[in-house]
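Scroll down for the structure; my scribbles are underneath it.
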């Protein structure tokens, strides 16, 4: 059985967990979990930043800061048991079922075959099975797109049209939203009779969120469907499994949610449907169990890695202990072959959160300046860290040692050195932004809204995150992928802006409670002379407009593999679950806690 390598600064000899080489292509398992999207979580600490001398010694112990509790998960996952014989059995069953599902793509005949294939694709995506059939799906979508006119001619079923639209947009085909004009009456509005089709209304609602900046009809569709769905969710006037699905969609849409979380819910919905295919249902349940065990293996290793960093003895208790939450966010990258991506991202997110909490919650301004200079020099030698307080030496060493592990992992790969340098540069950029925010925070300075986003959008670390994804990916042209990333700056800037705004919107009350005034809401209020309520409304609209612009960017021709583009999209999904109506990452509550239980506990 081929092993998945695990690397780590303190793990000594290389550990291994086995990969299942037939059903799930092997990859080298890196060692770190990806948590939530750490950004400027400035909410929960009293900023103390101006008077402490650089080498302050015992004075560090006198600083005032709000300590967040340790992870409530403790060592639970460090000692989790994964039955490898059970995984072997699951693998064999999965391999036996895959050809049967693959044959379904070829079994449909006649003009209706294209529609049936698109419905099958929607089902596979919803059940978390699409990564098993990437080639078949790509070929099928491409073939269907060439017969679009014939396929849609005379099709007046709302559910069918909405699903077809959803699949094409999901796979990067810019099908025109004009196909929904057929559902409008003479008055130019959507027909009220459509409201009797609950599944159709739900599918139109989902399709409406795939819109771009010029898909005005989808704005109308969103307005039309929302009130009906809210009524159905409140009154429960359709089948219970559909009511549950509607409520989930109103909370967090499928195309904005993490695939594995969608799959677990969709299986519950699908098994109660009259047209449920027993083979596909069985496949999806086996696949879900296998993935959960696979992820649990990763989390177990990452928990060990995290414990061995010994932050508890090296740092004051100002940082968030969130290794489980970090790994959960990496599950946005569902494919088992992306173990290395998930592990590297978890380590990068750990770097981000330690840096963020150090600069935002504890360090003096002089210390932040000194740490920034140390990271800018990128000198691993101890003499380069002289003058830093001991706790900052530990922070710097942790970052440098982690990147040394990255270097050992990727240096022999094609493009590995290039991708490593690019990731280091993004780490430096994030640190510079942390320094600028610290300077503003000390004086309570409110820059212009645009200037704030330029700085804070980098600090939220989307660029650093995407660079980490590319660093962890194998069998891609990394130089080409990074150049695409730089060229498509509009896309990544929009992602950064969304992450920044969402972070600030949900963290505003905590920011203000502790006197941290430099945030997007206050900067917008100052620049445009509006009220707090108006600023909130405008920033929420900016988030929605940003989603449209990103949808638009994803539909443009690309010169990189689909897997790279999808990974960027999955990063957005990770952001969404971490800020699902609240900042559940900092406060350890709400949906994020439920997601963890669903993935790692309820096996």
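Every residue gets a Cβ built from N, Cα and C, even glycine.
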So which range, 356-360, 361-365, 366-370, gets flagged motif 'DDXXD motif' in Swiss-Prot?
356-360
Please classify the secondary structure at residue 360 (Mg(2+) 2 binding site) using three-state DSSP.
helix
In whole Å, how far does the CA atom of residue 356 (Mg(2+) 2 binding site) lie from that of residue 511 (Mg(2+) 3 binding site)?
14
Give me the Cα-Cα distance between residue 511 (Mg(2+) 3 binding site) and residue 360 (Mg(2+) 2 binding site), rounded to a whole Å.
11
Taking the binding-site residues one at a time (356, 503, 511), which has its Cβ surrounded by the most other Cβ atoms within 10 Å?
503
Overall pLDDT for the motif 'DDXXD motif' (356-360), taken as the rounded mean:
92
How big is the gap, in Å, between the Cα of residue 503 (Mg(2+) 3 binding site) and that of residue 360 (Mg(2+) 2 binding site), rounded to a whole number?
14
Measure the Cβ-based neighbour count of residue 360 (Mg(2+) 2 binding site), defined as the other Cβ atoms within 10 Å of its Cβ.
25
